[in-house]
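Student: Provided herewith is a single structure, encoded as structure tokens, for subsequent inquiry.
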2 protein chains.
Amino acid sequence: MMSVRYLTAKLAQQIDEELMNVTGAFSLDQLMELAGLACAQTLATVYKKETHPRVLVCCGPGNQGGDGLVAARHLGMFGYLPTIWIPKPGSKEIYKRLQAQCVNMKIPVIPPSSETGPLQNALNESDVILDAIFGFSFKPPVRSPFDSALALISESKLPIVSVDIPSGWDVEKGNAAGVGLNPDVLISLTAPKEGAREFKGRHFLGGRFVTKAMEEKFSLHLPHYPNFDQIVELLPTTDSQKL
Amino acid sequence: MMSVRYLTAKLAQQIDEELMNVTGAFSLDQLMELAGLACAQTLATVYKKETHPRVLVCCGPGNQGGDGLVAARHLGMFGYLPTIWIPKPGSKEIYKRLQAQCVNMKIPVIPPSSETGPLQNALNESDVILDAIFGFSFKPPVRSPFDSALALISESKLPIVSVDIPSGWDVEKGNAAGVGLNPDVLISLTAPKEGAREFKGRHFLGGRFVTKAMEEKFSLHLPHYPNFDQIVELLPTTDSQKL
């Protein structure tokens, strides 16, 4: 069996566009809902709510942050106690709606601040982090307030679940610059990104909405999702078959 | 523990509106995606693809039909072989997009016809039916072409999974008129409807997006969804506690 394809940033962008163009016909609402659900299910698979109830969901300003907001809502539904850190809320209408849905669930949102204190306090009261800060459109360098935030999050030594690409990593070159997070778990969406080749932790795939035709067009060689799950773990045996 | 509340058509409508108003902030895309996924997972829980691979998804022209289209897509992703019967496609833009997503998956759609032949042929080649014809806004009587369709579906003796309320049933009075389907499985969305009180088969609940505040406001007494599932089976013990 061919190994799953690792995507360049450009290819990831192209697949996203094809999913949402006139032919693909998906709305961002749909894709984000399924992606965020997959993120929440991944965290819940690895960190049980009995041992890791308090999840700090860190959201960037882009679509990745939207995935984080969807995940926070589902984690709340699953019985976790999420808190959202969202220093630069996205300006898109969907972003505001997703945030409102979390507020309706009474999920606390840390007020934006130029100080690191509020994030530090939240880290002190969390059991695990969902990192939805930067996605596949991230370009270095990491800018304020995220530069100091990544350092604080790393220093916390809390377990980290990263969405799509660990924040601070180059989407294609990985953590060569050494400023990125070192997550324990990664949930790649649609297909893993080039930069994730060097990732050594537990690696899941989500985004069960890619048609066979699109999978073949882009030679994705996606693994088989079990039963009716929305996530599949990429096992080391598959990982060792990297091209 | 209080028994789950059975909703009138008016209350079901009100809850739907609150979910999607400015405060609730959900889009129809989001709710339909989660509802349709719950329908697909319910069918997959009861009828395994090894024994019941060929699913005839029967869609009405309203939002219920949209749930059916989402379910058909997910069933295709799960490895089933769905076919869609959709004699009166909805006119909403979302409906067209959901249908396009199924076409992209190469899910066959039976061409609309004033004859019963195409539906009969499809029934002959199916193992189980997903009934997404009428939802909680249905008012009797059943009109053409659905009147003859319900009769054909019943005569097929195939197992039926109905969405929200079995098609042909009055949302509040049930199958008193006797023209409705007799499904083996029912997946109620958000909360069961009054008419479903008399339903005797396996009864599931989906729609894990109702906030605690809304649950309390409407005294829904929803059951506890297990783990990170999107569906929960309403067991007879709960059922016997009906108010």
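Including glycine, each Cβ sits where the backbone N, Cα and C put it.
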Student: A:Gln64, A:Asp131 bind K(+) according to TrEMBL; which of A:Ser91, A:Ser156, A:Ser167 goes with them?
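Tutor: When TrEMBL describes the K(+) site, the candidate it includes is A:Ser167.
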Student: For the (6S)-NADPHX site that TrEMBL assigns to A:Asn63, A:Gln64, A:Gly65, A:Gly66, A:Asp67, A:Gly135, A:Phe136, A:Ser137, A:Phe138, A:Lys139, A:Pro140, A:Pro141, which of A:Asp127, A:Asp164 is also named?
Tutor: A:Asp164
Student: Could you tell me which of these binding-site residues, A:Phe136, A:Phe138, has the fewest other Cβ atoms within 10 Å of its Cβ?
Tutor: A:Phe138
Student: Per 10 Å Cβ neighbour count, which of the binding-site residues A:Gly65, A:Pro140 ranks highest?
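Tutor: Of the binding-site residues A:Gly65, A:Pro140, the most buried by Cβ count within 10 Å is A:Gly65.
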Student: Using the Cβ centroid of A:Gln64, A:Asp131, A:Ser167 as the reference point for the K(+) site, which residues of the same chain not in that list have Cβ within 8 Å?
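Tutor: In sequence order, the nearby non-listed residues are A:Cys58, A:Gly60, A:Gly68, A:Ala132, A:Ile133, A:Phe134, A:Gly135, A:Ser162, A:Val163, A:Asp164, A:Ile165, A:Pro166, A:Leu181.
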Student: State the count of C-beta atoms found within 10 angstroms of the C-beta of A:Asp164 ((6S)-NADPHX binding site), not counting that atom itself.
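Tutor: Its Cβ shell of radius 10 Å holds 30 other Cβ atoms.
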Student: When you look at A:Asn63, A:Gln64, A:Gly65, A:Gly66, A:Asp67, A:Gly135, A:Phe136, A:Ser137, A:Phe138, A:Lys139, A:Pro140, A:Pro141, A:Asp164, which the record names as binding (6S)-NADPHX, what is the longest CA to CA distance in angstrom?
Tutor: 22
Student: Helix, strand or coil: which one is A:Ser167 (K(+) binding site) in, per DSSP?
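Tutor: Assignment for A:Ser167 (K(+) binding site) reads coil.
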